[in-house]
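A.B. asks: Below: one structure in structure tokens.
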Amino acid sequence: MSNEATLHSHQEVHGSLEHDQHGNGHDGHEHHGTFISKYVFSMDHKMIAKQFLITGIVWAIIGAFFSVLFRLQLGFPDTSFPWLSSILGHWAENGHIKPEAYYALVTMHGTILVFFVLTAGLSGTFSNFLIPLQVGARDMASPFMNMLSYWFFFIASLVMMASLFVQTGPASGGWTAYPPLSALGDASIGSKIGMDLWITSMALFVVSQLLGGLNYISTILNMRTKGMSMTKMPLTIWAFFFTAVLGVLSFPVLLSGFILLLFDRHAGTSFYLSDIFVAGKALSNEGGSAILYQHLFWFLGHPEVYIIVLPAMGIVSEVLAINSRKPIFGYLAMIGSLFAICILAFLVWAHHMFVTGLNPFLGAFFVLLTLLIAVPSAIKVFNWLTTIWRGNINFTPGALFSIGFVSTFISGGLTGIWLGNSSIDIHLHDTYFVIAHFHIVMGVSAFFGMFAGIYHWFPKMYGRFLNNTLGYIHFWITLCGAYLIFWPMHYEGLAGMPRRYYDYSTWESFKQFAGLNHFISIVVIMVFATQLLFVFNFFYSIFKGRKLTIANPWKATTLEWTTPIHAGHGNWPGEVPEVHRWPYDYSKDGVDFIPQTVPIGPNESEH
Amino acid sequence: MSGFLTVLVIVLIFVVIFQIAKASEYVSILKGEKKARQQSNRINGFLMIVFLVLGLFGAYYCNDVLKDKLGPGAASVQGEGIDTLIAVTLAITGFVCVVTQVLLFWFAFKFQEKEGRNAFYFPHNSKLEVIWTVIPAIALTILVAFGLKHWFAITSDAPKDAMVVEVTGKQFNWLVRYPGKDGQLGSKKFKLISDVNSNPVGQDWEDGLNKDDFMSNEIHLVVGKPVKFIIGSRDVIHDVGLPQFRMKMDAVPGIPTTLWITPKYTTTDMRAKTENPDFVFELSCDQMCGAGHFSMRAVIVVETQQEFDAWAAKQKSQYELANASATPAPAAGADSTASKAVAIAK
């Protein structure tokens, strides 16, 4: 009832634009909204989810393509690629990417993938799509704010895109944008107008995240259907909930860091600047601390990696349980470990700063708290393993990517134990070991979670299936490719090879890896081509995929599959169903699955 | 032309894959959904085991090929402790990694969907959950204890008799200053920095301690003698990375930092050890500092006390260089290490 009330009251405020749409949603009729209100300025959480997803895919192609470009430089430093000059112009004269362009590509690759793809594209898509559907709400708490969340993201995207085309190039100080490098246009060409656009875009992005996050939290807390107590929610929802909490509490700190940076750039303040001599003259700034920025940045930056990986964890838990035909093992422990990760995420930021001159005594606490995160992570891994143990696993592409997620999460997570220990970090910090670690644990893993989600919920989104064979090809090549790319990088890191180098050929200590870099770059190109295959599959299947004929193709228990194949705005044609049980009654008492809407029978065993 | 052909070949491969994928969908409709599902489960289940076996073999092969490229181990006393800690951590995490990966892919293979198999309803088991909470906690406590013990050892104050070297980062090279005979570095102010007047770090010539300080393009250290680096930057954040000594410290403008090591082998020792006559210790910049970041290299020479003394005796103090008229500035020479970056940038 409260859902309906919200929807109607909201309609009175903003009624003129989408009156028809709202009125009809839960009457089961087709929409009669205009193209604009249905596909562009839609307030339907399902459409907004698709907008986030497709924008995310576009960004993912761009961001991944950038990595192909800079891998060309790393893998083939002596080869000239004339076509590079055609697309990059003076940034790649004679077919060689210039250092300035290389650093711009590296920076934009990081920014795009971390924020625009794995935050907006992953949590934006699935939080929007699944929260109302799985908790049994007709839409978000505020559909209007939800729409704004997407459009702020869209404007942030436009600004970031524009920064690629300014004369001095986009930001090029790394995705972390440490000052003074990012504060002084004289220190780096990318710190001129490109950096202002980067800050503007990120500020808009933070607004988008806050609008989205507040909505996710209030929807989960207030708009669950009858019977849907917190402990009857699927783990996806728990994961999105903690993700949103992390975002709401940490993004404002990042914004404050950016605002101080903006002041230092243009208002002559000295928050981050002190004792600097650049471009032949000493600056007047004194007393600032360049390290202050790093504290503010990593106070978001570390929770950010959990913002990226928690939704993937939630999706994987759900998809593994469904396709193993077993309940997720240790449901409460799974929630507990998500909660523990969420709390610890705020208490470990300085492990990115062990070599900044941080007080060693203070560093000790960050070591302790960082390694503590391995405990809830281990619990989750063992629970996933037990979930598939003695299951009856149907290898849908979604299930494959979930298994791939667990594999990469183990491999990448364990190296976190190395880096979290400050004594080891002092050697491995800012080397390829770090690149290998975080690409496996939050890059590849989060992408696997995202792919699992896309393959699994695509039928709910578009009423059609993705092509399975392409899905299998996509999975196996990506899994093998990811390991071939990142596993050997650990060795480069152990030799101390620094990250973010344009060329290693002059270094006696690192040039022995030229052959390996060559190999990695070739694999990168192949894996990138395979992702394009997925993109093709995605867009082709929206229009031509095999049609969904039954409402619940995976025989899942959760509420989203009780909606019609093409659910209108409002999700359920009639009453929102009532929930009677937890979402993991698979193979209970010999029954394949019992939907959440089925009341507990008199002879049913306790779970 | 070859580029065009490559694109054409890739497109063709795409088309072929897509046609196969589409055909397989039709075939599965013809065969019946159930049969197609059984077949795809068999194939993917088999691939799980193939991946596991190839993966374990691949990890072994990768190690075999790359282990010789890692260099001969730590070249400082402090670094040896780090290598030990890495070995212990590798043993623990490596064991866990192999066991969990084997279980994951083995379970996936073993419990693939089969007709007549019923999944086992197993929602939780407190005993198991306690076990795999407590065991990782104990393992991590051990790692934290060893890690912190070493952490406090290497971040402690340098011994009193340690020699002192000041390293200042700038875009894009390192400025190295030695205290000279008096063993004390003179004071400096960033506003006094002047490349034209041969004062690259801003030494205050009023300060008598500065009179004998000398600067160098190379870092010379004495084997077996602790050395304390006083690290700073005059523009953006850099990082003193010492890969062979297993050490690292940021160079932050306005906030001096320090690190100390005890080199264990001379450069000559290392050349014999690695059988590489070109071996040198290198100082790399490990914090992104701009377009020439990758070229911020300095050579470190570790030698005996006699060799060091002979070298130090030959150095001219920066005071002399800066205050002798019509002397070419050596600081400008220091910039040549960044020549590659600058050349490409221009």
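Cβ from N, Cα, C; glycine included.
TrEMBL entries are annotated by machine, without manual review.
Residues annotated as transmembrane segment in TrEMBL: B:6-23, B:43-61, B:85-109, B:130-152. Look at TrEMBL and you will find B:58-158 tagged as domain 'Cytochrome oxidase subunit II transmembrane region profile'. Annotated domain 'Cytochrome oxidase subunit II copper A binding' per TrEMBL: B:160-314, in sequence order.
Are these features on the surface or tucked inside, and what touches them?
C.D. replies: Only residues 6 or more beyond the boundaries of the transmembrane segment (B:43-61), in the same chain, are considered here, and those with a CB under 8 A from a CB of the stretch are 98, 101-102, 105-106, 108-109, 112.
A Cβ distance under 8 Å defines the sequence-distant neighbours of the transmembrane segment (B:85-109), meaning residues of its chain 6+ beyond its ends; these are 45-46, 48-49, 51-52, 55-56, 139, 143, 146-147, 150.
Among residues of the same chain six or more beyond the transmembrane segment (B:130-152), those with a C-beta under 8 A of the stretch's C-beta atoms are 81-82, 85, 88-89, 92.
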A.B. asks: Looking only at the domain 'Cytochrome oxidase subunit II transmembrane region profile' (B:58-158), what are its DSSP counts of helix, strand and coil residues?
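C.D. replies: The domain 'Cytochrome oxidase subunit II transmembrane region profile' (B:58-158) comes out at 76 helix, 2 strand, 23 coil.
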